[in-house]
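Participant: Attaching a single structure in structure tokens format; questions to follow.
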């Protein structure tokens with residue numbers, strides 16, 4: 001994967017995504033998801049292309065992309081760790097776990113480590129409430145995450 | 001003969017290592033030259049036993065759990081393929097007390113069948129409800145659902161049959177069935193479990209809803225946090241299409257219904273039906289004012305049924321066994337069964353489907369077995385982040401829509417989060433406000449501004465800045481949010497806050513809050 005993409009590439013690849021999904025009823029969210037899947041985030045230049053393809057204003061597309069927590073405007077770290085902050089996980093020590101992760105990684109929520117290796121994100125419920133506290137590491141779910149387990153995960157993603 | 005081994009694909013089970021267990025079993029079987037077939041099934045919902053594996057033997061399905069990859073070798077040594085004795089042996093799955101005590105109508109096949117095998121589904125009475133519905137008129141189907149007493153399981157408790165009738169009578173070339181699978185409430189996972197473990201029952205329920213209302217297109221709007229549920233639903237829909245269950249000739253009847261899965265993008269408020277519809281249309285997930293009702297002007301301004309997953313999944317059994325059969329379970333105006341999800345700091349966490357009417361105490365202390373930490377239960381939050389905190393003194397409350405309302409609570413989507421005595425209810429009240437501030441769609445002022453002020457007010461109490469005046473202000477603020485908000489997010493955030501204040505006033509004293517705030 002190249003580190004940077006040219007604006008022409010963004011236009012071409014986003015255009016192709018739009019063409020593939022434009023037939024759906026309400027295609028914008030599926031398009032944004034696929035753009036993020038393609039680039040890891042929503043590149044600035046993508047908004048204009050999507051707007052043109054869907055006959056919307058760029059502001060409307062920006063409004064939608066910025067409304068939803070999932071859509072990123074910056075490239076995330078090589079690994080994304082989401083830790084649940086919701087009540088069921090709180091009851092099993094999620095606050096402490098979150099603080100532990102922040103201390104270890106030296107980041108706050110929604111930040112990426114200086115070496116661009118790990119992005120730490122809060123999530124409000126993964127539906128794993130009976131095996132709390134829960135986390136998602138690069139899309140994989142993990143339950144009953146103790147501090148030790150988290151340290152193990154952090155070691156793995158750092159190696 | 002090939003021996004069938006069941007290892008759940010359920011996210012909860014996978015989060016506890018089920019994939020590794022499945023791999024270890026497959027590898028060990030090759031090494032030992034054993035002829036086995038691993039079936040990835042749904043979970044029975046007993047998460048303290050997950051990963052729970054089962055072996056099909058002449059004696060029936062026998063369970064072992066919780067199984068770690070390290071146990072696999074010794075399981076083979078113990079002859080688990082023939083049901084051999086082992087420290088993880090649990091006996092017949094259906095005899096495990098937690099499962100035996102349940103009345104499984106909606107979840108009757110979850111865990112039992114291969115989720116994407118239509119043959120398995122049919123062999124276990126699947127599609128019988130749909131077959132009956134195809135012989136009925138639209139009005140007869142609606143009547144059956146109305147007579148069953150089924151109410152919306154998403155939390156609002158609105159009678160499903162009445163909603164369907166409004167859409168049935170609405171005029172429109174194109175009508176829709178939208179399944180609200182945006183299960184964002186902490187403490188709930190019933191939608192996820194059934195989509196992962198028994199997707200055909202949701203497909204069947206949606207087709208029946210289509211037949212009853214004249215809708216030919218359905219959407220399942222679910223969460224990006226539920227990737228496995230999305231994969232299983234998509235695979236099941238393909239199987240259903242290939243078998244002529246979905247498409248333009250449903251089971252040879254000449255009737256049409258097809259559906260799609262749509263993925264949300266991490267906005268809690270999209271669980272609110274009008275916000276969900278906006279999101280599906282590709283807009284910001286902002287709440288719409290009602291009227292117009294979605295039943296008349298919903299998705300793309302066309303007549304739309306918006307039902308929760310569990311409501312739709314309860315329809316096939318009603319059509320199969322009759323309205324009376326379903327209605328005979330339950331109490332008062334809460335008819336049928338409810339899949340209660342017991343979560344948080346609890347010993348036996350999981351899904352327990354039962355008729356309405358058990359008391360909160362029975363659910364938490366007996367079924368849930370108290371806390372996982374072994375400390376006393378101090379509070380339980382019922383109904384997600386917008387539900388009230390109940391103290392032990394209210395544990396005699398029966399699980400019923402009206403009984404909970406009488407005590408200033410709600411059952412919501414039937415999730416119960418258990419907390420032990422280390423919980424700080426002022427911190428929980430603050431979190432309720434913080435969560436509302438993070439997730440507010442911004443459309444109405446009481447929610448957008450009120451939640452921010454709520455956090456500040458609790459912080460002032462914590463710091464000891466005129467705590468008594470702040471508590472009064474908090475009550476006032478909650479009143480404004482409750483009566484002035486457009487939807488349940490702002491309108492119900494006062495439930496956890498006020499219940500914490502009312503039942504646990506001793507926590508609202510100046511003290512440090514250990515918070516993991518953003």
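From the backbone N, Cα and C atoms, a Cβ is placed for every residue, glycine too.
All TrEMBL annotations are machine predictions without curation.
Below are the features I grabbed from TrEMBL:
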- A:84, A:89, A:125, A:129: [2Fe-2S] cluster binding site (BINDING)
Participant: Of these binding-site residues, A:89, A:125, which scores lowest on Cβ atoms within 10 Å?
Facilitator: A:125
Participant: Could you tell me which of these binding-site residues, A:84, A:129, has the fewest other Cβ atoms within 10 Å of its Cβ?
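Facilitator: Minimum Cβ neighbour count within 10 Å, taken over the binding-site residues A:84, A:129, occurs at A:84.
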Participant: Once the DSSP letters are reduced so that anything not helix or strand counts as coil, what is residue A:84 ([2Fe-2S] cluster binding site)?
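Facilitator: Where residue A:84 ([2Fe-2S] cluster binding site) sits, the three-state DSSP reduction gives strand.
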